[in-house]
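If you check Swiss-Prot, you get these features:
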type     : residues : note
TRANSMEM : 10-30    : transmembrane segment
TRANSMEM : 104-124  : transmembrane segment
TRANSMEM : 142-162  : transmembrane segment
TRANSMEM : 167-187  : transmembrane segment
TRANSMEM : 206-226  : transmembrane segment
TRANSMEM : 239-259  : transmembrane segment
TRANSMEM : 312-332  : transmembrane segment
TRANSMEM : 344-364  : transmembrane segment
TRANSMEM : 394-414  : transmembrane segment
Amino acid sequence: MFIDSEYSSFLIINVTFFAVKLLQFGLVWLAPRTFDTSTHLFLEHYGITSNPWWGKLLSWDSIFFLKTSLWMRNSGYSAPQYEHEWAFSPIWSIIIQSSDLQHIVLKAVSFNLLLHYLSTWIVYALTKLTFPPFGQNVQTKLALTTSVLFILSSAAGFLISVYSEPIAFTFSLLGMLFRQWSISFDVYGNLHMDKLKWISYLLSSFCFAFAFLNRSNCLLLGLFYVHDCLNLFKQKKWITSIFYPILSGTILFGVFVYFHYYFPYAALCPERGEWCNSKIYGLPIPYQSLYSYIQSKHWNVGFLKYWTPNNIPNFLFGLPNIVITWNAITYFSYQYPSRNMKPYIWIARIFLFIMVFLANVQIINRVSSFLPLSLWYISDSLIKNPHEMRIVKYYVMWLLIWIPTQTALFACFLPPA
């Protein structure tokens, strides 16, 4: 029975994944040429004029990853050419480097398909490890439903392009899996670390750090270590806290300081001025990270800056994920409280606050994929209360409409970005 259940999961996940991707690429192929000519001008500069396929996969920010990758390969530099390009994962641009532009696109799209597929199975394993086996079939069904929902991501068209979301959420989820495998809770809610799995716990920090290098919101994953540290402090396990969460958190924080402060300062300053001049006590570290500075200056990111009448459509685009994330937080805080869920809830609360009050709110549809809390809420609701959870049903219906719609809009270079 168990083997049959696992085989069914394998079959359903594979069929769903490849069916969704075929549908998306079919929509891209059928989409009309984009009204925006900036991508075509960029491609023509590199001698690609005959195939409109490339232009359809390179909408919105995709072009920045390509341009930086080409710049690094041709110039020999390990940093972007212009200040605003630092906001688009230089690490991902290095990874997708190739001999020419067409090969870069092919490499990036292939990597993203592979990463999305692999991360689907990571979600499957993480779900089975996180939730107690009340019954093998129930646990497997929860993992299967979560994995299918992960395939049906609201990121849609962004996941078949050159964006860095897939590599970010793959390593985010892998880090969660490593951490979850290393810990356990007793009936009193006390955290216990398996000393034989110390390397696994430490590996989670490297995964989170690499995810952060590709998507800055993954810095919030450091809250896992804050949670673990506080729990161990309560038990007065000082040595364990030092060698587990404190060491792991220090690695993540060190990567943050180096790549968002010191490295860009060394590359841009003192010639840049402005950002370079706001140093902390004369150290080569400005008060504000370069990423925050770029977001504020070039994309008008800041508290309530996005709360303007012309951005109402963008709030509507992001509303389904805002509502489902809020419901997931409430569900796991009160209706299904679990020690395992506590750090996920912390991360989701801060993430939701940032998305609604500080960021360009519509990007929640693609960047929320780094955290599986909402997927677990939907899956658990569909299994336990299939006839009562109206909001969950509406969200799933919205996904089924949104994925093909957004993919087609993306291929035509139309909002939302």
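All residue numbers here begin at 1 and follow the chain in the order shown.
For all residues, glycine too, the Cβ spot is worked out from N, Cα and C.
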When you check the transmembrane segment (344-364) against the transmembrane segment (394-414), do you get at least 3 Cβ pairs under 8 Å, counting only pairs 6 or more apart in sequence?
no
What same-chain residues lie close to the transmembrane segment (104-124): Cβ under 8 Å, and 6 or more beyond its ends?
9, 13, 17, 21, 54, 57-58, 65-66, 69-70, 95-98, 143-144, 146-147, 150-151, 153, 159-163, 166-167, 169-170, 173-174, 177, 372, 375
Stretch among 10-30, 142-162, 167-187, 239-259 sharing the most Cβ pairs under 8 Å with the transmembrane segment (394-414):
142-162
Sequence-distant residues near the transmembrane segment (10-30) by C-beta distance (under 8 Å, 6 or more away from its ends) are 53, 56-57, 113, 116-117, 120-121, 124, 144, 147-148, 151-152, 156-157, 160, 403-404, 407-408, 411
Folded-back contacts onto the transmembrane segment (239-259), same chain, C-beta under 8 angstroms, at least six residues removed:
182, 193, 198, 201-202, 204-206, 208-209, 212-213, 219, 221-222, 224-226, 228-229, 232-233, 285, 289
For the transmembrane segment (167-187), the distant same-chain contacts (Cβ-Cβ under 8 Å, at least six residues beyond its ends) come to 92, 95, 111-112, 115-116, 118-119, 122-123, 125-126, 129-130, 193-194, 197-198, 200-201, 203-208, 210-212, 214-215, 218, 221, 224, 228, 244, 339-340, 369-372
